[in-house]
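Trainee: Sharing the feature lines straight out of Swiss-Prot:
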ACT_SITE  8  active site
ACT_SITE  132  active site
BINDING   90, 91, 92, 93, 94, 95, 96, 97, 98, 99, 100  ATP binding site
């Protein structure tokens, strides 16, 4: 069986408070976007993970797809499989590609082995794999709370008919580095309230808290956001802790940045 794990963007991201477990409480909106990997799972004599496309750091044994298989196998009698991932979504880019691969592995295994797991059951299985993994089970726009792994208001925003332009500039921003540059603050306008307003209002009100410190350290990322607005974006931002920048357009935008070995981009209808 084959599936196509998609990326996501963050529409706004508020860092609210530091948690006793060392993580942070956040509020954000996850929105699925059509930048996809390809995932195939077939029966095999022994369980193995292989990949192609973008290079995936680490060993096969540490891959999130294989980790998800192992978690499921602890609860259900799964036979061996060959998991192959063709990686197109940039890695460490604020697009949730690894989390999506894990979630789609769970969904595909659910189909392959006819486990008949509900969405809620699959969310519980993948939640330990990564904070935003559970989002990709239902895979619809939604508000995320706490560590980004509990949800409310599914379908909160619909950008159908718009276009998205994403550029990953080949800059790695470590998640810890991004959080270290943010001062948590609970005195915020709820992101859900902002998203209910017209798209034209978002530029003034919908903020990603990571941008200020990340832009100071990596001005090239800030420049990309400015270029999106110069191209006519109705809204532009950095996704998650970076470094991908996206613009939302009313019509198909013109390309202003060439792809290289380090820089990847995607233009697609939403």
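Using the three backbone atoms N, Cα and C, a Cβ is placed for every residue, glycine included.
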Trainee: For residue 96 (ATP binding site), list the number of other Cβ atoms lying within 10 Å of its Cβ atom.
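Mentor: There are 29 such Cβ atoms around residue 96 (ATP binding site).
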Trainee: Between residue 90 (ATP binding site) and residue 8 (active site), find the distance joining the two CA atoms and give it rounded to the nearest Å.
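Mentor: A Cα-Cα distance of 12 Å.
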Trainee: Within 8 Å of the centroid of the Cβ atoms of 90, 91, 92, 93, 94, 95, 96, 97, 98, 99, 100, which other residues of that chain place their own Cβ, given that this set defines the recorded ATP site?
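Mentor: Nearby residues not in the site list: 7, 89.
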Trainee: When you measure from the Cβ of residue 94 (ATP binding site), which residues in the chain that are at least 6 apart have a Cβ under 8 Å away?
Mentor: 9, 10, 173, 238, 239, 240, 241, 242, 243, 244
Trainee: Could you find out if DSSP has residue 132 (active site) as helix, strand or coil?
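Mentor: Coil, per DSSP.
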Trainee: I want to verify one value. Collapsing DSSP to three states, which class is residue 8 (active site)?
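Mentor: Once the DSSP labels are grouped into three classes, residue 8 (active site) ends up as strand.
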Trainee: Tell me the coarse DSSP state (helix, strand, coil) of residue 100 (ATP binding site).
Mentor: helix
Trainee: Checking the contact step here: among the binding-site residues 92, 96, 100, which have a Cα within 10 Å of the Cα of residue 132 (active site)?
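Mentor: The binding-site residues close to residue 132 (active site) (Cα within 10 Å), listed in sequence order, are 96, 100.
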Trainee: Using Cβ-Cβ distances, find the residues under 8 Å from residue 100 (ATP binding site) that belong to the same chain and are at least 6 apart in sequence, listing them in sequence order.
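Mentor: When sequence neighbours closer than 6 are ignored, residue 100 (ATP binding site) has 5, 6, 7, 8, 37, 89, 133, 136 within Cβ distance under 8 Å.
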Trainee: According to DSSP, which of helix, strand or coil covers residue 94 (ATP binding site)?
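Mentor: For residue 94 (ATP binding site) - judged by DSSP and reduced to three states - the answer is coil.
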